[in-house]
């Protein structure tokens, strides 16, 4: 490896297998600043405080790309590498937690608890608890990787955390899909809820399917990335990070901002019943 390229780190590992692109990091930092600001404005208007996790995830993306931009001229320094690695790895866990909370509120808003595979009072708790476990494992693994000597153990733990996330998302998608099918087929009052407007329950589910699919693809990519190890193709070619992670997470934030349901559906879902929804139309 040339002297102008990435510099070696202790334990026989390299912090970088390439020089991170300064231009790409700046572009994505700016893009995430824009969409995070849009989420902040939306949260201020809607007061849907459970959506704050999207903002925190967006802020983490911004910090991650700023650290990545800094690392383009500091490939031998540990701190920029650790920050960008940690702050780009964890945001999807926060996006997923919001998706879990949205599904519970969608089900309650149409009085569809009896059609859910998981009781609604447990739905959010179970999935978010799994998400927290995934977050802790991935965060701890990133810390181990920062020590250099524990790089391999850290990579294995990242894979474990990501696999937990993939399994959780598979169960979440199945729960949403089964509810959608059962409610649409068996509830005689389903037509009264309608499909149009920002608060349509179908639109809410389609939005969840879209962001869930993107997060799932990203998580599978990360599993492959870390399974192949530090010398594998994904970790030695920068374009894979942007195509299979950064672009997808930016799309998740855009989709959630544009098609997030109306405040009236979520703020007090227990007050929304069939008669109330029908009479409001």
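We count from 1, first residue shown onward.
Yeah, the Cβs are placed from backbone N, Cα and C, and that goes for glycine too.
TrEMBL labels come from automatic prediction, so no person has curated them.
Away from its own ends, the transmembrane segment (15-36) comes close to residues 5-7, 9, 55, 58-59, 61-62, 65-66, 68-69, 71-73, 75-78, 81, 84, 230-231, 235-238, 242, 246, 250, 253-254, 257 of its chain (Cβ-Cβ under 8 Å, at least six residues beyond either end). Residues annotated as transmembrane segment in TrEMBL: 15-36 (among others).
Residues or ranges marked as transmembrane segment by TrEMBL: 48-70 (among others).
What TrEMBL records for 82-103 (among others) is transmembrane segment.
Residues or ranges marked as transmembrane segment in TrEMBL: 123-145 (among others).
Residues or ranges marked as transmembrane segment by TrEMBL: 157-183 (among others).
If one looks beyond the transmembrane segment (204-221) by at least 6 residues along the same chain, the residues whose Cβ comes under 8 Å of a Cβ in the stretch are 92, 95-96, 99, 102-103, 106, 162, 165-166, 169-170, 172-173, 176, 180, 234, 240, 244-245, 248-249, 251-252, 255-256, 259-261, 265. Per TrEMBL, transmembrane segment is recorded for 204-221 (among others).
Residues or ranges marked as transmembrane segment in TrEMBL: 241-259 (among others).
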Residue numbers, six or more beyond the limits of the transmembrane segment (241-259), whose CB comes under 8 Å of its CB atoms: 24, 28, 31-32, 35-36, 38-39, 42, 51, 54, 57-58, 61, 65, 88, 91-92, 95, 98, 198, 203, 206-207, 210-211, 214-215, 217-218, 221-222, 234
Contact set, same chain, for the transmembrane segment (82-103): CB under 8 Å, 6 or more residues outside the stretch: 20, 50-51, 53-54, 56-58, 60-61, 63-65, 67-68, 71, 123-124, 127-128, 131, 134-135, 138-139, 142-143, 145-146, 158, 165, 168-169, 172, 175-176, 179, 204-205, 207-208, 211-212, 215, 218-219, 222, 241, 245-246, 249, 252-253, 256, 261, 266
Positions whose Cβ lies under 8 angstroms from the transmembrane segment (123-145), at least six residues beyond its ends: 82, 85-86, 89-90, 93-94, 96-97, 100-101, 103-104, 107, 116, 151, 153-158, 160-162, 164-165, 168, 171-172, 175
